[in-house]
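Let me begin by handing over the structure; questions about it come next.
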Amino acid sequence: MIPPEPPQQPLQSPPPAPPNHVVTTIENLPAEGSGGGSGSLSASSRASVSQRIRKVLNREMLISVALGQVLSLLICGIGLTSKYLSEDFHANTPVFQSFLNYILLFLVYTTTLAVRQGEENLLAILRRRWWKYMILGLIDLEANYLVVKAYQYTTLTSIQLLDCFVIPVVILLSWFFLLIRYKAVHFVGIVVCILGMGCMAGADVLVGRHQGAGENKLVGDLLVLGGATLYGISNVWEEYIIRTLSRVEFLGMIGLFGAFFSGIQLAIMEHKELLKVPWDWQIGLLYVGFSACMFGLYSFMPVVIKKTSATSVNLSLLTADLYSLFCGLFLFHYKFSGLYLLSFFTILIGLVLYSSTSTYIAQDPRVYKQFRNPSGPVVDLPTTAQVEPSVTYTSLGQETEEEPHVHVA
């Protein structure tokens, strides 16, 4: 007996295809342009390059570069007034000039701290951290003094080149004490900036710009290196204070201890030079101009450092000598060279490269120390933290859409 055939199952229709707005593949993407093929690929590549340029040259990055150039212009004003005082009126008083700036800081910021209440009061700050600010005030004062003093011994080119030593000092101190980590593009930008500075120094030699006496170059060069090192320490310390405490506290304490120590140094080392100054309204106006530029520099620099970083600010200040030179073309009849323009734009390109991406910091110092010293005491941490330090992207540089705020545990 033949078994009956099993009933046939009704045919089922295939599942409906997902709507186009849910699944989109390369094949059903609309082609750009009518050329198709290579034409579409070329247009897509151009659009991608244009998009990347817009991401790099974003508004925040351009603002950061512009703020750094404001600081450079203030330093240009400081240099021009100092040059007029020393060369036209023979007033060689670097300590007195610093003393005027510290007095202004004291009158504005130290008095602000004095009238505050609670833990931000001047006396409360002095009870907790007086000796730290005393050391910082000495470092800041002597950094200014050493670099100005170096002009009496070495050449202008040596000072311009050796003053760049502040950049590796800031990088190393930021790495070890602020736990800031840099990417390859940051180092490329730094090298480009220093190449631009070297181009400017070479242009000075070629056009025969006045180089100074250079009577004892070794002493002068050591003074510049010492001043650059102290500048680096002061800048990194400043960045730490304004990120963890406040800008007003930093400037108030610098004004207090800077005025105290510069007053002592002025009475010991420079009182005779001050008596020789042929006082008149022109000299008084130059001292006022110098003090205004210096006060503006000290007041504005913490704002820029907090928005960017100490390293970025020092790279921006490399253009200050070029602004002074451009002013000197009209005021002192300096000779012009196309290398100056090349140097200026090279430094700006280096600044753009450095500011195009963010730095990052090690979030937990315990993790960083364990990462650096595996043989040290064991700390109970997550497994992933024993492979690399916990980091978080910060706003120390300018971020693009490809680099969101992330935390890697």
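Cβ atoms here come from the backbone N, Cα and C positions, even for glycine.
Below are the features I grabbed from TrEMBL:
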COMPBIAS  1-19  compositional bias 'Pro residues'
REGION    1-22  region 'Disordered'
TRANSMEM  61-80  transmembrane segment
TRANSMEM  100-118  transmembrane segment
TRANSMEM  130-147  transmembrane segment
TRANSMEM  159-180  transmembrane segment
TRANSMEM  187-206  transmembrane segment
TRANSMEM  218-238  transmembrane segment
TRANSMEM  250-269  transmembrane segment
TRANSMEM  281-301  transmembrane segment
TRANSMEM  313-334  transmembrane segment
TRANSMEM  340-362  transmembrane segment
Mark yes when the transmembrane segment (250-269) and the transmembrane segment (100-118) have three or more Cβ pairs under 8 Å (sequence separation 6 or more) and no when they do not.
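Answer yes, regions in contact.
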Who are the long-range neighbours of the transmembrane segment (313-334) in its own chain, taking Cβ under 8 Å and residues 6 or more past its ends?
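For the transmembrane segment (313-334), the far contacts come to 65, 67-69, 71-73, 75-76, 79-80, 83, 160, 164, 166-167, 170, 189-190, 193-194, 196-197, 200, 207, 209, 231-232, 235, 301, 304-305, 340, 343-344, 347-348, 350-351, 354.
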Looking only at the recorded stretches 61-80, 130-147, 187-206, 218-238, 281-301, which one has the largest tally of CB-CB distances under 8 Å to the transmembrane segment (340-362)?
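The stretch with the most contacts is 187-206.
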Do any residues, 6 or more residues outside the transmembrane segment (61-80), come within under 8 Å Cβ-to-Cβ of it, and if so which ones?
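Long-range Cβ neighbours of the transmembrane segment (61-80): 289-290, 292-294, 296-297, 300-301, 303-304, 307-308, 312-313, 315-321, 323-324, 327, 331, 348, 351-352, 355-356, 398.
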Using a Cβ distance cut-off of under 8 Å, indicate which of 159-180, 187-206, 250-269, 281-301 has the most pairs with the transmembrane segment (130-147).
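So the stretch in question is 250-269.
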Six or more residues beyond either end and a Cβ under 8 Å away: which residues meet both conditions relative to the transmembrane segment (187-206)?
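Contacts of the transmembrane segment (187-206) (Cβ under 8 Å, skipping residues fewer than 6 from its ends): 156-157, 160-161, 164, 167, 171, 311, 315, 318, 321-322, 325, 337, 339-340, 342-347, 349-356.
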Which residues, given as numbers and ranges, are at least 6 beyond the ends of the transmembrane segment (281-301) yet have a Cβ under 8 Å from it?
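Same-chain contacts beyond the ends: 70-71, 74-75, 77-78, 81-82, 84-85, 89, 91, 97-98, 100-101, 104-105, 108, 238, 251, 254, 313.
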Mind checking which residues reach the transmembrane segment (218-238)? Cβ under 8 Å, same chain, six or more beyond either end.
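Sequence-remote neighbours of the transmembrane segment (218-238) are 136, 139-140, 142-147, 149-155, 158-159, 162-167, 169-170, 173-174, 177-178, 250, 301-302, 305, 310, 313-314.
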